[in-house]
Each structure stands twice: as structure tokens, then as C-alpha cells.
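Okay, so here's the structure we're looking at.
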């Protein structure tokens with residue numbers, strides 16, 4: 001395989017094809033938002049002619065969208081903080097303490113990977129109702145934290161284990177307690193892992209649908225995915241506006257992801273290696 | 001393990017006096033135990049409270065005919081389960097989950113492997129390519145569903161494109177035609193999740209030491225021989241983990257179907273799944289006891305498949321992770 005620095009052109013062609021297929025529908029949503037409904041009706045796959053901004057400006061000047069952005073942001077940030085803080089504490093124990101029941105504890109969380117929220121959704125709704133949290137963001141946030149923990153712990157444990165024992169011993173000689181070690185050494189050293197798990201939790205929460213669907217019944221409390229669905233059924237004739245609303249709602253997850261793609265992929269493969 | 005802070009600290013002091021004499025396994029002091037409890041307690045509490053406990057509650061509610069108001073009183077034993085297993089709508093949903101499970105593996109694995117092999121070469125812009133093919137995976141299923149249902153409707157972009165390139169006779173009612181709908185669903189699922197597989201495989205390939213393929217090249221192995229004999233076998237753990245995630249995901253499919261086909265059409269179009277059945281027959285119909293019984297069935301099916309898979313396929317891969325350090 002003696003090729004030039006640029007490599008094989010067939011590879012680029014295949015990559016372009018794949019990217020085209022992957023991005024086509026996304027571009028269809030974004031560009032579709034710049035069309036009018038009559039354009040969409042007469043030529044469903046065409047380009048905007050002329051490009052209209054009003055769909056986007058209408059969404060951006062209305063308060064529905066921003067209220068839902070606010071709700072989604074609060075839910076996603078709180079979920080992220082909860083998952084990362086609780087996750088790193090538990091992972092530290094699993095990674096650097098030796099005690100009986102450690103294997104069982106790890107297995108308990110690992111088992112959680114098998115059971116996405118779908119399975120527990122009906123009783124979760126009842127539990128949240130009993131706690132008086134129906135129609136509130138905490139009612140969404142608390143279960144999301146719980147269901148985010150397995151992934152977080154599975155990713156973080158290898159990270160924390162990779163910190164050399166010598167650093168811990170050196171810290172102990174300098175009279176640094178294990179908790180001080182966690183705070184002063186482990187946290188700074190595991191920032192990449194924390195970012196990976198944090199982004200995964202954020203995107204997971206930002207995109208989640210089933211749990212908010214059960215917990216949030218009141219339009220004012222809707223997060224964006226519920227909002228997109230409500231908007232698209234409410235304005236089902238106004239396709240262009242639905243497309244504008246939809247494309248605006250996917251921006252944060254895309255931005256977060258593209259900023260931290262490397263970390264996410266690194267974290268996932270670290271976890272896969274076990 | 002519920003010692004008060006003060007006592008635990010004193011005991012800790014006692015034990016710490018001759019520190020390194022004890023072998024590591026048995027002798028952990030009270031201070032350490034307290035730390036273990038304080039650090040891992042919140043996570044365990046949350047996990048047990050919002051994951052384990054609801055699943056147990058589902059098992060309990062599943063024995064009742066219950067509308068969700070007040071404590072359940074109308075105990076019906078296994079009636080709900082009998083109803084579920086006899087309901088053709090449930091069996092259809094189960095069948096659809098099975099189709100999704102098999103087709104996901106069969107469709108995505110070769111495509112993703114092919115592209116991962118292609119991209120696993122010295123090419124420019126690999127990181128930007130990776131970001132771009134990961135985009136569908138990052139977008140919410142609600143958005144994916146909304147966009148694709150617009151594109152696949154009879155007057156949508158897909159049929160329009162087919163007509164404009166002279167393939168008008170292939171235009172169809174992609175979402176409502178029962179012979180096509182499940183394939184439309186598979187198309188969307190593949191589109192959304194194949195990028196994840198590509199990225200995962202690519203990362204797995206890049207963890208394979210280059211010396212191995214170089215050594216093979218020295219021994220006169222062709223490119224394909226190298227991929228077949230070295231890359232694929234060493235990719236085994238990645239492939240098995242991916243298949244596991246895909247299988248579990250296939251059993252839980254909900255968002256896309258519910259968004260695109262709504263709560264009523266999925267069964268006539270042939271795309272209902274166990275999860276949509278659970279939500280439609282349980283929550284939407286107000287039969288919470290019944291919905292919980294469906295959740296239990298879904299849980300048991302997932303767990304049995306997951307355990308079998310772990311026992312017979314993943315064992316070698318997870319053994320290290322669970323018992324490392326011993």
C-alpha cells in the first residue's frame with residue numbers, strides 16, 4: 001500500500017458517499033426551514049427559492065421555543081452534574097478501595113446497562129407521582145441521574161484505575177488523606193473522563209423523550225423533544241415551520257458533540273476494552 | 001455499615017496504628033469503610049431507588065388490575081400475564097422486536113465494518129469525517145422521527161426524488177404500507193445507528209498494534225488476508241460489545257415508532273414494538289397494572305437475553321473488567 005501522503009482516492013469517494021447519506025436528511029431539515037409551505041408542497045425535495053427566514057425568526061421570537069430550551073437546559077445541566085458527581089464518587093470507591101462486595105457493587109451498576117428507562121417507565125411514573133414530582137423538572141432529573149450512573153461508572157472506573165499507585169503512595173507520605181487525594185489528584189487527573197461522561201449525560205438528557213413524556217403533562221413544563229412533537233402535531237400543516245423548529249432544537253447537542261467528539265469516542269472505547 | 005462518624009473515626013485511628021502489617025484484603029479500617037459508604041452511598045441509593053425499586057414495583061403492580069388511583073386492590077394473580085401472552089397484538093409486537101433485532105445486526109455490521117476498514121487508513125481529515133458520520137447518532141430520536149416521517153410520506157421528498165430520477169414506479173406509501181413500513185423503520189434505525197458502529201469499530205481497529213499487520217505484510221500476506229486474519233479476530237471484543245448494545249437497544253425501541261406511527265397506526269402498519277404496546281395498552285388506556293405486567297415481560301425478555309449473551313458470548317471480554325486486580 002505505497003500511496004502518496006493523501007492516500008487512496010477510493011477511500012475519499014466512499015467517505016464522501018457515507019457523509020452524504022448521513023447528512024442528507026439533516027440538511028433536508030435545516031434547508032427545509034428556509035422554504036415556504038407552498039414550495040414544499042409543489043417540490044418536496046427542492047431547494048428554497050427564494051430563501052425565507054420567517055420560519056426561523058418566528059420560532060426564535062416566540063416564547064414557546066425559548067421556554068422549552070430553558071427547561072431542557074435545566075434538566076440537562078442538573079442531570080449532568082448529578083451523574084458526574086455521584087458517578088465519580090462511586091467510581092473512586094470501585095477503582096481504588098479493596099473491600100468485600102466490591103465485585104457485587106460493580107456488577108450491580110454494570111447490570112444497569114441492560115435496562116434502559118423503558119423497562120421501568122410505568123412504575124417510575126408512579127414513584128415520581130408518589131413523591132409529588134409529576135410535572136416538575138426534578139421528576140425528570142432524578143430518574144435520569146439514576147439511569148445515567150451505569151454508563152458513567154463503567155467509563156470512569158478504568159480511568160481512575162489508570163492513575164498510578166505510586167502517586168497515591170506519594171500523596172500518603174505527604175500526609176494527604178484518601179479523600180484529599182480524591183479531591184486534589186484524582187479529580188484533576190480524570191478531567192477527560194469527567195468530560196466524556198458529562199457530555200454523554202447532557203446529550204442523553206437533552207434528547208430524552210419517554211421519561212419526560214410520562215412525567216411532564218403540562219405544556220409549560222415541556223422539554224424540547226416533547227415540544228418538537230407537540231409543535232409538529234399542532235402545526236402539522238405548517239411543515240416549513242416544523243422543520244425550522246426541529247432544526248433549531250438539535251443545535252446544542254450537535255455543538256456539544258462536535259466540540260468533544262474525541263473525548264466521547266475515547267471514553268466509549270476505553271469502556272469497551274473493559 | 002451505618003456507624004456514626006465519630007465512632008468510625010476513632011476505630012479508624014485504632015486500626016491505623018500498625019498500618020502495613022495487615023494483608024490488603026481483610027483489614028480495612030473503619031475510616032475507610034465510612035469513606036466507602038459516604039462516597040458510594042448516594043449513587044447506590046439513587047440507583048436502587050430509581051432503577052431497581054421501580055422494577056420490583058412493576059412486578060408487584062403487575063399482579064393487579066389497577067387504574068393507577070390509590071393503592072392497588074384488585075389482585076388478579078397472573079391474569080395480566082395470561083392476557084399479554086394470548087394477545088395477538090403483543091405477539092406481533094414481539095415479532096417486530098425480533099425482526100428489528102436480527103436485521104439491525106445483519107444490516108449494520110457489514111456496512112459498518114466495510115466503512116471502518118476503508119476509513120482505517122492514512123487519510124486526511126479523518127477526525128472531521130468521524131464527527132460528520134456520528135451526527136445522526138447525536139440527534140434526538142424525536143427529531144429523526146419528525147424529519148423522516150416528513151420525507152417518507154407519500155407526498156414527501158423521497159418519492160419526489162425517486163420520480164425526478166426516473167424511478168417513479170418505486171414511489172410508495174413508505175409508512176402506511178404494512179409490507180414496507182418495517183423496512184422504512186429499519187432504514188431509519190440503520191441511518192441513525194450505523195455511524196455509532198463505524199466509530200466504535202474504527203476505534204477498536206486503531207487499538208490493534210500496527211506491528212501485527214506489518215509483520216503479516218513482511219510474511220507476504222495480502223491486504224484482505226491481513227484484515228481477515230488479524231484485524232477482524234482482534235476486533236472481536238468490540239464487535240461483541242456492539243452486538244450486545246444493539247440487541248438490548250432493539251428490544252427497547254420506542255421513540256421512533258411512537259413518533260412516526262403514533263399510538264394507533266403502529267399496529268396496522270406492522271411496526272409496533274413491545275415498548276409501544278406497553279405505553280399504548282398501559283398508560284394511554286389507563287391500565288397501569290397491565291402496563292406494569294408488560295414492563296415485567298419486557299424486562300424478563302431483556303434480562304434473559306442479556307444474561308445468555310453475557311454467559312456465552314461476552315464472558316471472555318467482561319471477565320477481566322469484573323475480576324481485575326484479584
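The first residue you see is number 1, and the count goes up from there.
Placed from the backbone N, Cα and C atoms, the Cβ positions cover glycine too.
Predicted automatically and left uncurated, TrEMBL annotations should be read as such.
What you are looking at is a predicted structure, and each value in this text was computed from that prediction instead of being measured.
Residues annotated as domain 'ABC transmembrane type-1' in TrEMBL: A:69-260.
The transmembrane segment annotation in TrEMBL covers A:12-31 (among others). With a threshold of 8 Å between CB atoms, the same-chain residues lying at least 6 positions outside the transmembrane segment (A:12-31) that come near it are 45, 47-48, 243, 246-247, 250.
Per TrEMBL, the feature transmembrane segment maps to A:74-94 (among others). For the transmembrane segment (A:74-94), same-chain residues at least 6 beyond its ends with a Cβ under 8 Å from one of its own Cβ atoms are 102, 105-106, 109, 137-138, 140-142, 144-145, 148-149, 152-153, 156-157, 159-160, 182, 186-187, 190, 194, 197-198, 201-202, 204-206, 212, 223.
Annotation source TrEMBL lists transmembrane segment at A:106-128 (among others).
The transmembrane segment annotation in TrEMBL covers A:140-160 (among others).
Feature annotation from TrEMBL assigns transmembrane segment to A:181-203 (among others).
Away from its own ends, the transmembrane segment (A:242-260) comes close to residues 26, 29-30, 32-35, 55-56, 58-60, 65, 68-69, 72-73, 195-196, 199, 202-203, 206-207, 224-225, 227-228, 231-232, 235-236 of its chain (Cβ-Cβ under 8 Å, at least six residues beyond either end). Taken from TrEMBL, the feature transmembrane segment applies to A:242-260 (among others).
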The answer for the transmembrane segment (A:181-203), taking Cβ pairs under 8 Å and residues 6+ beyond its ends, is 76-77, 79-80, 83-84, 87-88, 92, 96, 144, 148, 151-152, 155-156, 159-160, 163, 167-168, 171-172, 253, 256-257, 260, 263-264, 266-268, 270
